[in-house]
Amino acid sequence: MLQPYREILSRPGALAFSAAGMVARLQMSMIGIGIVLMISALYGSYGLAGRVSAVYVVAQALCSPQLARLVDRHGQARVMRPAVAVASVGLVTLVVAARADTSPWLLYVAAAVTGAAVGSFGSLVRARWSGVLGGDPRPMHTAYALESTIDEFVFIVGPVLATLLATSVDPAAGLVVPLVALVVGGYWFLALRTTEPAPTVAKGEKVRGSVLAAPGMVVLALVFVAMGAIFGATDVSTVAFAEESGNTGIAGVILAVFAFGSLISGLLYGTRHWVRPLHQRFAIGVVVLAVGVCFFVVATNLVVLAAVMFVTGFAIAPTLINGNALVQQLVAPARLTEGLTWVGTSLGVGVSFGSSIAGARIDADGSHGGFLVVIASAALALVATLAAYRTLRPRPDAVTDRVARAVEDESPSPTAGATVAACELAECVDPRSTVPQQRTAPADTDAAPPRPTGVTEEG
C-alpha cells in the first residue's frame with residue numbers, strides 16, 4: 001500500500017524537503033490557539049485574545065498571497081529567508097509584550113507583523129513536488145495526498161501540544177514551540193536549494209494580474225472558505241456539545257477522531273490512481289462532505305457524534321487533495337505557489353469566520369445553533385461547486401503541457417512515451433469539451449488501450 005509513497009520519496013531531495021516542510025508547518029496549527037491561550041491567561045480577557053488572534057489571521061490572509069507571488073517571481077529562498085526572520089521577530093515581540101503586560105496595541109502590531117510575514121510553507125512544499133515530479137499527474141496525486149496527510153497530522157498534534165504547554169508549563173510556552181519550528185524547519189527547508197523551483201524572473205516569464213483572474217480560481221477559493229467555515233464551526237460546536245453533555249474534556253478527543261478519519265482516507269486515497277476527471281472527484285467530495293456534516297446536528301450523545309465525525313472525516317482529505325491538484329490545472333505553472341497559497345489562505349479565513357459565527361449562534365441557541373452554521377457552510381460550498389462546475393475543468397494548455405511532459409519523459413521503448421501521452425489525454429480531456437484533441441505519435445499496437453473513465457487501478 002505504501003509503495004507509491006516510497007517511490008516519490010526516493011526522488012533526490014524529496015524526503016528532505018518534505019520533512020523540513022512538515023517541521024516548518026507545525027506553527028500553522030499552534031500560533032492562533034497559542035495566542036488565545038497566552039493572552040486570555042495573562043490579561044484575563046478572551047475578547048482581547050480573540051481580537052489579537054483575528055489580527056494575526058487577517059494579516060496572514062492578506063499578505064500570504066502577495067508573498068507567494070514574490071516567491072514565484074524571485075524564488076523561495078530569496079523571499080522567504082527575510083520573511084521568516086521578520087515573522088520570528090514579530091512572534092518574539094508578541095510573547096515579550098504579553099509577558100510584560102504592555103498596551104494591547106503593541107500586541108496587535110506584533111500579531112500583524114507575524115501574520116504578514118509567516119507565509120505558507122504548505123504551498124512551498126507542494127510547488128517543489130510539482131518541480132521534482134515534472135507535473136506528472138500520477139505521482140503528483142500521491143505527493144498531494146502525502147502533504148494533506150501531513151497537514152492533518154499537524155492539526156491533530158499542534159493544538160493539543162500548544163494547549164498542554166500553555167496550561168501546564170507557562171502561558172507563553174504554547175508559542176515557543178511554533179517559534180522554534182518556524183525558525184528551524186523554515187531555514188532547513190530554504191537551505192535545500194537543489195529542489196527549489198526556478199523563479200519566473202530567471203525563466204524570463206512575465207507575470208501580470210492576479211491569479212484569481214484564472215477561470216475557476218475564485219470559485220475554488222470561495223469553496224475553500226466555506227470548507228474552512230465547516231471546520232471552524234465544527235470545532236467550537238463540538239466543544240459546546242461536550243460541555244452541554246457534562247464532559248468538556250472529551251471535545252479534543254472527538255475532534256482528533258474527526259481529523260484521524262481524514263488522515264486515514266488521505267493515506268489510502270494517495271495509493272490509488274483515479275481515472276475519473278479531477279473536477280468531478282472534487283465535486284463528489286464536496287457533496288459527500290456536505291451530506292456527512294448534516295448528521296452532526298442529530299447526534300444524541302458524544303459517542304454518536306464521534307462516530308459520525310469519524311466517517312465524515314473520510315471525505316475531508318480527498319477533497320482537499322483534489323482541490324490543491326485543481327490549482328495546478330487552473331493556473332499557469334509560473335503562478336503555482338500563488339494559486340496554492342490562495343486556497344490555503346481561504347481555508348484559514350473560513351476557519352476564522354466559521355468559529356466566530358458559530359460562537360455567536362451557540363451563545364443564542366447552544367450547540368444546535370453552532371451545528372446549523374456547519375450545515376449552512378456546507379450548503380454554500382455545495383452550491384458554489386455545482387453552480388460553477390464547468391469552470392473547474394482544466395485549462396486547455398494544462399492538458400497540452402501534461403501530454404508534452406509525458407512524451408518527453410525517458411521511456412524503455414521509443415513508443416512508450418506516445419502511449420503515455422495518449423493515455424493522459426484520454427484521462428484528462430472531457431469528451432464534451434470543445435477543446436480539439438492533441439495529436440500524438442502512433443502508439444505501439446501491443447500497448448494496452450486507455451481504461452474507461454471511473455475505473456481505478458492500484459497506484
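Each residue, glycine too, has its Cβ placed from N, Cα and C.
Where the annotation comes from TrEMBL, it is an automatic prediction and has not been curated.
Fair warning: this is a prediction, and the values are worked out from it, not measured in the lab.
Copied over from TrEMBL, here are the features:
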{"type": "TRANSMEM", "residues": "12-42", "note": "transmembrane segment"}
{"type": "TRANSMEM", "residues": "79-99", "note": "transmembrane segment"}
{"type": "TRANSMEM", "residues": "105-125", "note": "transmembrane segment"}
{"type": "TRANSMEM", "residues": "172-190", "note": "transmembrane segment"}
{"type": "TRANSMEM", "residues": "211-230", "note": "transmembrane segment"}
{"type": "TRANSMEM", "residues": "250-270", "note": "transmembrane segment"}
{"type": "TRANSMEM", "residues": "282-299", "note": "transmembrane segment"}
{"type": "TRANSMEM", "residues": "305-327", "note": "transmembrane segment"}
{"type": "TRANSMEM", "residues": "339-358", "note": "transmembrane segment"}
{"type": "TRANSMEM", "residues": "370-389", "note": "transmembrane segment"}
{"type": "REGION", "residues": "431-459", "note": "region 'Disordered'"}
{"type": "COMPBIAS", "residues": "439-448", "note": "compositional bias 'Low complexity'"}
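Remark: the transmembrane segment (12-42) makes no contact with the transmembrane segment (250-270), by the rule of 3 or more CB pairs under 8 A. Against the transmembrane segment (172-190), stretch 79-99 has more CB pairs under 8 A than any other of 79-99, 105-125, 282-299, 370-389. As a quick check, the transmembrane segment (370-389) and the transmembrane segment (105-125) miss the bar of 3 or more Cβ pairs under 8 A, pairs 6 or more apart, so the two do not touch. Through the fold, the transmembrane segment (305-327) approaches residues 126, 137, 140-141, 144-145, 147-149, 151-152, 216-217, 220, 223-224, 227, 234, 238, 241, 253-255, 257-266, 269-270, 278-279, 281-282, 285-286, 288-289, 292-293, 295-296, 299, 336, 339-340, 342-343, 347, 392 of its own chain, all at least 6 residues removed from its boundaries and within a Cβ separation under 8 Å. Proximity of distant same-chain residues to the transmembrane segment (339-358), defined by a Cβ-Cβ separation under 8 Å and at least 6 residues beyond the stretch ends, is recorded for 50, 54, 57-58, 60-61, 64-65, 67-68, 119-120, 122-123, 126-127, 211-212, 214, 217, 220-222, 224-237, 320, 323-324, 327-328, 330-331, 369-370, 373-374, 377.
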